[in-house]
Amino acid sequence: MRWLWPLAVSLVVVLTVGLSGVSGAATSSLGGHRAKVQEQQSRPRRGTKDEGPKEVQHYVPEEWAEYPKPIHPAGLQPTKTLEATSPNPDKDGATPGNGQELRVNLTGTPSQRLQIQNPLYPVTESSYSAYAIMLLALVVFAVGIVGNLSVMCIVWHSYYLKSAWNSILASLALWDFLVLFFCLPIVIFNEITKQRLLGDVSCRAVPFMEVSSLGVTTFSLCALGIDRFHVATSTLPKVRPIERCQSILAKLAVIWVGSMMLAVPELLLWQLAQEPAPTAGTVDSCIMKPSADLPESVYSLVMTYQNARMWWYFGCYFCLPILFTVTCQLVTWRVRGPPGRKPECRAGRHEQCESQLNSTVVGLTVVYAFCTLPENVCNIVVAYLSTELTRQTLDLLGLINQFSTFFKGAITPVLLLCICRPLGQAFLDCCCCCCCEECGGASDSSATVSADSKLKAEVSSSIYFHKPRESPPLLPLGTPC
């Protein structure tokens, strides 16, 4: 039985060690279970506000932008996206949900932002002024186009009227025609719709053409005045052959090139400016502001021209032709003597022709001064009182400035057709032949007409529309009478 004691001792040791291990394992497992339960209780449930991944989803970028949503293909597409200045539209004291409303107000309807303003319909308070401007523009356009085309066609188709004098008048009519045909529709369209046709190109081309037209008129009046002075003081015979085409083109080239060279700074001075309209879209306007991309030397010259433009405009395009005409007329009157005394070397018909030419020069100068005076007054007022005037007043002065140029282009050919007898008679003959088909039959039915009357009719018709077979005799200087 002695061997049972070691067995009993070993069993007691094994049991003691096993019970202690089991109790430790149970205790550790119980502690681990409690820790797991506490961890599960401390972890927030899914969908609550304290969830970790949700904090990452609340990231707000520094700037947010709205991109155009797909719209109907027939609608107008916005030109650029609109960005908000605030990082979060819900902040800065705004209530939640105002961000979407802000974006809708900024974006607006594309058709409303890019549509052309039409003040003619529906009829409002501004419609009456728009209709008045359109009616006045149509009258000026019709009168100017018909008159200038008539002067150019008469001089072109008449052999006896192809002199330097009449060619200068025809070139004057050509420039007035170009100004009325191209500049008048652009200016009226901009005044009514507040949109500029051809954009920046028209802002530069319209002032260039208008100033070139003023230069052509100025130098033409100076050339006509010099011609009258030369005729009055020259001791050479008062008649000479019809001038050749090369001589006429050389004189016209001097006038045209000089006028266009003086108008070149207008191409670099004007720019297109767009401002937001109070209702919808933008308002186009042309402003005098040289481009910063110009070379430094050119930019300084343009700035100098801008600063001196008003007085240069007044001196060169207003005072110069008036002083030239007045001086030449005074010298001519002094050389020719009082109206009652006629020189012995001059016939009565030639004296009448020269008097008519002098009246033409004086009439052109008076009309030119009358039409350009409002333009110069507006330039001076804008230069010195622009800060004290409202935007509506400045726009009105600009419109008066433009219409004064258009009035000059429309009244000048009418004056030429009324004062210059050959041009006026040719215009009436042309209208009679175009409107009355019985003009030719009336001459055939009159069988009792004398031979002198027939000869006079043939000479009269050949003067204006037919080139004679042989070289014509010597003709008086200027417009034949």
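Backbone N, Cα and C atoms are what each Cβ position is placed from, and that goes for glycine too.
Database features (Swiss-Prot):
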type     : residues      : note
TOPO_DOM : 25-134        : topological domain 'Extracellular'
CARBOHYD : ASN105        : N-linked glycosylation site
TRANSMEM : 135-155       : transmembrane segment
TRANSMEM : 168-188       : transmembrane segment
TOPO_DOM : 189-205       : topological domain 'Extracellular'
DISULFID : CYS203-CYS286 : disulfide bond
TRANSMEM : 206-226       : transmembrane segment
TRANSMEM : 252-272       : transmembrane segment
TOPO_DOM : 273-310       : topological domain 'Extracellular'
TRANSMEM : 311-331       : transmembrane segment
TRANSMEM : 361-381       : transmembrane segment
TOPO_DOM : 382-398       : topological domain 'Extracellular'
TRANSMEM : 399-419       : transmembrane segment
MOD_RES  : SER471        : phosphoserine
- [ ] Please state whether DSSP places CYS286 (disulfide bond) in a helix, a strand or coil.
- [x] strand
Task: Chain residues in Cβ proximity to the transmembrane segment (168-188) (below 8 Å; excluding those fewer than six residues from its ends, i.e. six or more beyond) - done: 133-134, 137, 140-141, 144-145, 147-149, 151-152, 155-156, 196-198, 202, 205-206, 209-210, 212-213, 216-217, 220, 223-224, 251-252, 255-256, 402, 405-406, 408-410, 412-413, 416, 420, 423
Task: Secondary structure tally of the topological domain 'Extracellular' (189-205) (DSSP, helix then strand then coil) - done: 11 helix, 0 strand, 6 coil
Task: Ranked first among 206-226, 311-331, 399-419 for CB pairs under 8 angstroms with the transmembrane segment (252-272) - done: 206-226
TODO: Determine the Cβ neighbour count for CYS203 (disulfide bond): the number of other Cβ atoms within 10 Å of its Cβ.
DONE: 22
- [ ] With an 8 Å cut-off on Cβ-Cβ distance and a minimum sequence separation of at least 6, pull the same-chain contacts of CYS286 (disulfide bond), or say none.
- [x] ARG196, CYS203, VAL206, PRO207, TRP270, GLN271, LEU272, ALA273
Open item on the list: For a three-state summary based on DSSP, what are the helix, strand and coil counts in the topological domain 'Extracellular' (273-310)?
Closed with: 15 helix, 11 strand, 12 coil
Open item on the list: Below 8 angstroms Cβ to Cβ, which residues of this chain, lying six or more residues outside the transmembrane segment (311-331), approach it?
Closed with: 211, 214-215, 217-218, 221-222, 225-226, 228-229, 232-233, 262, 305, 358, 361-362, 365, 368-369, 372-373, 376, 379-380
- [ ] Could you break down the residues of the topological domain 'Extracellular' (382-398) into DSSP helix, strand and coil, giving a count for each?
- [x] 15 helix, 0 strand, 2 coil
Task: Outside the topological domain 'Extracellular' (382-398), six or more residues from its ends: residues with CB under 8 Å to it - done: 310
